[in-house]
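Here is what TrEMBL records for this protein:
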| type | residues | note |
| --- | --- | --- |
| DOMAIN | 1-196 | domain 'GH16' |
| ACT_SITE | E82 | active site, nucleophile |
| ACT_SITE | E86 | active site, proton donor |
| CARBOHYD | N90 | N-linked glycosylation site |
Amino acid sequence: MVAFAGDLNKDFDITWGDGRAKILNNGELLTLSLDKASGSGFQSKNEYLFGKIDMQLKLVPGNSAGTVTAYYLSSKGSTWDEIDYEFLGNLSGDPYILHTNVFSQGKGDREQQFYLWFDPTADFHTYSITWNPQRIIFSVDGTPIREFKNLEPIGVPFPKNQPMRMYSSLWNADDWATRGGLVKTDWTQAPFTASYRNFNAETCIWSSGASSCAKTSSTSTTSSGSWLSQELDSAGHQRLKWVQKNYMIYNYCTDTKRFPQGLPPECNISGEKNKATHSSYIFYDQNVIPILV
């Protein structure tokens, strides 16, 4: 197991944006910016095959309509795996939408979307991914908002064989991001900026075809490896239910119109059919966008 936090210069490479992405304050802060010409992005230096990853983000303030801040794990190739957070901007005073998805072997279509119970632009908040061979847990400030279990025995592909890098980007998506593309980006508000700090990773690093965890005893009970078998306890399940009851606004597992031939098999598992708090949606460019009425 490898755990590290601190200098973002050591953890990430800025990959695009022509100077719009910056690492500041001796590696303590990373900012991405977007203007009419371009967005920006970065990626982790390492690839991971399982891990617990935390990052603190402060999202684009004010009128962020049309912008998307993406923070995700992804492998490469046509049958890639991916674990997604996407933050869909909105008009000033309207809530951000937190869009989550899980891809396995190149197939996604497992969207769940949420409002947040705080203003994500006012301060930094911690967004976490726990990914182990049994499950994927999405958490916000330590509160689980989504769990995607390994249900391969019933034919549901699960990301477990492809190492993934962490990526993040800030980009213009005003053809779909806000109210299905009805609200466009106001470029008079540019540049738009999202900020990152306090990256922490307890991971199995993949290098030269081998995992760093292979060197660790399978019988180890050290706290640093607890995420490898982590599951939600009773308190975690209660917090998850609270979020999904009060803040979930879309759940693919209840969208029978989208899946007229039958819901995906994982949706028949108890607990997956939690109802969203809003039910008016359009589909655009393979993204599910709530239309609030």
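Residue 1 is the first one shown; counting continues down the chain.
Each Cβ is built from the backbone N, Cα and C atoms, and glycine gets one as well.
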Exercise. If one measures from the C-alpha of the residue listed as 'N-linked glycosylation site' to the C-alpha of the residue listed as 'active site, nucleophile', what distance in angstrom results, rounded to a whole number?
Worked result: 25
Exercise. Once near-sequence residues are set aside, which residues in the chain of E82 (active site, nucleophile), 6 or more away, have Cβ atoms under 8 Å from its Cβ?
Worked result: Y72, L73, S74, S75, N101, V102, F103, G108, P159, M164
Exercise. If you draw a 10 Å sphere around the Cβ of the residue listed as 'N-linked glycosylation site', how many other Cβ atoms fall inside it, taking every protein chain shown into account?
Worked result: 21
Seminar exercise, completed: For the residue listed as 'active site, proton donor', the nonlocal same-chain Cβ neighbours (under 8 Å, six or more residues apart) come out as V68, T69, A70, Y71, Y72, L98, H99, T100, N101
